[in-house]
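S.K.: One structure coming up, written as structure tokens, with questions to follow.
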Amino acid sequence: MQRNSKSVDSEDEFDMQDAAAESAEDDFYSGGEEDGFDSDDADVADYEFIDNDSDDSDDLISHRHQQNYTVLSEEDIRQRQDDDVMGIATVLSISKVAAIILLRYYNWNVSKVHDEWFADEEKVRKAVGLLEKPVVPFPDGREMTCGICFETYPSDRLLAAACGHPFCNSCWAGYISTAINDGPGCLMLRCPDPSCDAAIGHDMINLLTSDEDREKHSRYFIRSYIEDNRKTKWCPAPGCDYAVDFVVGSGSYDVTCRCAYSFCWNCTEEAHRPVDCGTVAKWILKNSAESENMNWILANSKPCPKCKRPIEKNQGCMHITCTPPCKFEFCWLCLGAWSDHGERTGGFYACNRYETAKQEGVYDEAEKRREMAKNSLERYTHYYERWATNQSSRQKALADLQQMQNVHLEKLSDIQCQPESQLKFIIEAWLQIVECRRVLKWTYAYGYYLPEHEHAKRMFFEYVQGEAESGLERLHQCAEKELQIYLNAEGPSKDFNEFRTKLAGLTSVTRNYFENLVRALENGLSDVNSHGTCSRTASSKSLGGGSSRARTGRGKGSTSRSSGPSRNIDDPGHWSCEHCTFANIKPTTICAMCQQRR
């Protein structure tokens, strides 16, 4: 620019070894960090619950001790931008305005700026629009015509970018303001002259724009640092302004923002380890798709023989009357007109015609498709209900955790005459419950897509999932029900230290169960050997010597084992769609329900 300008479960089932309990107690009293997840073994992180006296005391905040990502505030982003700009300006011996233009062009990739600049500076200048000298000499001391409005102005009312093309102040302001209101493209603004590619710097934008437009431009500028960088992403939680800088290839993609929202950095869905992003995408799509509605209609209804409107029969006899305006009366079994039925055909609760036709194979195809759709729907419902139940249980556990942190911990400290720092094991137990509910929820999505012909893997999966789930129910029962005894006590309890040992031990055992469940699923259930059986050594080791009998917990939000109704996919005349599980006739290659190719 040619003028000076102004310059981001139950007690009876407490089957833990004494050594484990003593170890957990020792860890607690020594203030050790062993109660946290071992990030080297399973990349499952521990939490640190922020104290109420912190600046963010109004929120329930937790974060994970991991070195593979950094949560950035707006101030952090601005500082990083300034550091990058200053670094480029210093190394390349150019102005900060020129450094910003370079970094924006190369998407804030400092190393690429260096490589390209030192390889061919002239080529970079031409591509970016950094001119070393003006294309048109800027006039001094005389009037000139603005190239946009064609009005004549004295030179002191004209401005030009590095190229020298003069335009009046009002036209410049209108041009820049329009670009800013059009969106982030204003960050790569060029000279208004059609034949010129000279870049317009931040100095001119700050000089000529209003406060409102300057704020918009500043927001675009900050967002570009995150959105144009492959290593950074915004937290997807509604209303959150934090970003995450992630070290790609460093292990688990699960990250936790300062707003307490956990998400997968790879797909930005909620944290779903140990299930891969592809399975999560298919599960979410299935939950929101209309295919299951169609499957339900096919499995639980029959079309009216006259108007073809689907009809559900949930009770009563076989005499069906369609709704107005059709009003056709027919037999539910054979779909024939009711006028042809009576005592001779079996009365109101049977149909001889249907039974005869069924024996002759007339209804085989339709009944088979209806049965397959029903089995498919029952199987999906089985897994979805347990997925949703664990989700609601996790939300309830989060609320209970906040209540414990804000209210009950202080009350318990007064009743038991112990400092709050000595009650840290209770918070750790609730944090473990929250994390385990999340993991358990997604194992049901994993189980739904586990191939049914791999029977050994399915049995092993249901076993390790059942052991982890029963351990979680015991922990949840202890942390929720048994703790109430001490909260409602009138004074210090003699057996409170025994409760401490039990809860800390259950937390440690449950953590081990879920670490091994996560590890097994992430390894593709590799503990199942090539002969289709579970390796004794592997399964015994992975379960930490736990009981081989899966128990059903009685705590809040308890769910049953994952084994559900199986689909009949062995019929040689049909194939089951992997997207909507609809039973299609064998010769077809496109699903008749969801139109997906086989």
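A Cβ is built for glycine as well, from the same backbone N, Cα and C atoms used for every other residue.
TrEMBL entries are annotated by machine, without manual review.
Residues or ranges marked as region 'Disordered' by TrEMBL: 1-46, 529-570. TrEMBL lists 23-46 with the feature compositional bias 'Acidic residues'. Annotation comment: TrEMBL describes 142-355, 146-190 as domain 'RING-type'. The compositional bias 'Polar residues' annotation in TrEMBL covers 529-542. The feature compositional bias 'Low complexity' is assigned by TrEMBL to 557-567. Sequence annotations record features per position, and here TrEMBL assigns domain 'RanBP2-type' to 571-598.
Tell me about the surroundings of these features in the structure.
M.R.: Across all of the domain 'RING-type' (146-190), the predicted model scores a mean pLDDT of 88.
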S.K.: Quick test of the contact rule: Cβ under 8 Å, at least six residues beyond the ends. What residues does that give for the domain 'RING-type' (146-190)?
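M.R.: Sequence-distant neighbours of the domain 'RING-type' (146-190): 1-3, 104-105, 129-131, 134-140, 196-201, 204-205, 208-210, 213, 216-217, 220-221, 223-224.
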S.K.: How many of the residues that make up the domain 'RING-type' (146-190) does DSSP mark as helix, as strand and as coil?
M.R.: 22 helix, 9 strand, 14 coil
